[in-house]
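Trainee: Residues or ranges marked as active site, nucleophile in TrEMBL: 451. Residues or ranges marked as S-adenosyl-L-methionine binding site in TrEMBL: 294, 323, 345, 424. The compositional bias 'Basic residues' annotation in TrEMBL covers 1-12, 37-46. Under the heading region 'Disordered', TrEMBL lists 1-51, 107-151.
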Ligand SMILES: C[S@@+](CC[C@H](N)C(=O)[O-])C[C@H]1O[C@@H](n2cnc3c(N)ncnc32)[C@H](O)[C@@H]1O
């Protein structure tokens, strides 16, 4: 059941009333096979067998058009607090809101003892190679001596708990990724690889983090283990690849701490190059196990394309990509006509990825700085002063460079006369200091992408106090069946 390589689809805008979700005419064949909704309550037929227990998708039973209408209403209510001069635009939903999560994190846990084992007749399954016997000894901290093979569970956590619901399918996870997590469970069972026990801190395999390249179809599997030694790791990779041929690389991540944090710091590549490539907005991105990369690629394209249209980039535009992560927004801006882009993020490894992504795409007009976004913006505001007419003079075309300290500034040879600021902060939003400094640079436009509209509204009020008003508010549904809504605001000087 390897999922065929899928191209993005369904980027049409929808509102509660105009949605082209389940009932729209542009459905793809996959979607058309899904049972139709609905009754007066807008409830979907009970298609997800885990919906009453799973903590993942609280709205999976609600018809998708109704979900969109609900989100639209919530956004209108929220932004009404701001006395906007423009309406909230119809939310951009998905034509096929299923299997959209290209990154899947699956825990492994011991289940009940099998009947045979409980009665003392247990045979260890699978091949009995020397490697696998070694595997039992070294990775099975609860191994044969503790008596009895156990069922291995993988799936999702029950609402508000750490109790695992074993699940063979999930309506939002990428199907290839799910296939990988189940294949790992089956290999573990056959080869007596012991799942991690959260209570005792023993066992070997803790999680699998599977990332599927939406366009490329390449699959990165990160196996998180409780221990460094991974006996028979080559055989494990071979067997995984045999079961799911789409797997292109396997990484072992070692996390020996008793913590809810999934990934540890140490890693080694077991198979393949250690990263996958994927295409987004026409650019190729390198994704490794620790890279931040949006999980819904289809809607990320919708989000970025909308942001680029709002930014109105031109050959004289200087763009800042604040909170840039691996540089995706800035690189798309650099490839779509901005003269110069500077990205900033506080995570060093994300900046390393952003630079790598720039090189990889042959983009020379984008630079990336590891720094706190507020400190960066304040320092920039001190160094570069607008002349009051939204113009930054050529001498002030300072492009931040360098790794040491926050940054050093050097003049850029590019002539630009307008500044556009993209900002995509974490859920907590930005800071008043960032916003003050940003506005003091007299940007022509600020494109504010938010995964938490509540903090966005708070920040937009701060922008308003600095003379910038929202001229467009565009919600995007990045996470169907959940309460989350992403929102892009375009801000312009009054
Ligand atoms: C929502 S993500 C956006 C990533 C990126 N724009 C994208 O679309 O993939 C927020 C980013 O803000 C970064 N971040 C969080 N706090 C920060 C800070 N104080 N200064 C700079 N970056 C920060 C995180 O590392 C993360 O990459």
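Note that Cβ sites are derived from N, Cα and C of the backbone, with glycine treated the same way.
Give me the local environment of each listed feature.
Mentor: In this view, residue 451 (active site, nucleophile) is surrounded by 18 other Cβ atoms within 10 Å of its Cβ, with every protein chain counted.
A sphere of 10 angstroms centred on the C-beta of residue 294 (S-adenosyl-L-methionine binding site) encloses 22 other C-beta atoms.
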Trainee: Which ones in the same chain are close to residue 424 (S-adenosyl-L-methionine binding site), with CB under 8 Å and 6+ residues apart in sequence?
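Mentor: In sequence order, 321, 322, 323, 324, 325, 329, 448, 449, 450 meet the Cβ cut-off.
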Trainee: Cβ within 8 angstroms of the Cβ centroid of 294, 323, 345, 424: which residues besides those meet this for the S-adenosyl-L-methionine site?
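Mentor: For the S-adenosyl-L-methionine site, the extra neighbours are 292, 321, 324, 325, 328, 329, 425, 426, 449.
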Trainee: Do me a favour and check the Cα-Cα span between residue 451 (active site, nucleophile) and residue 294 (S-adenosyl-L-methionine binding site); whole Å is fine.
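Mentor: Between the Cα atoms of residue 451 (active site, nucleophile) and residue 294 (S-adenosyl-L-methionine binding site), the distance comes to 11 Å.
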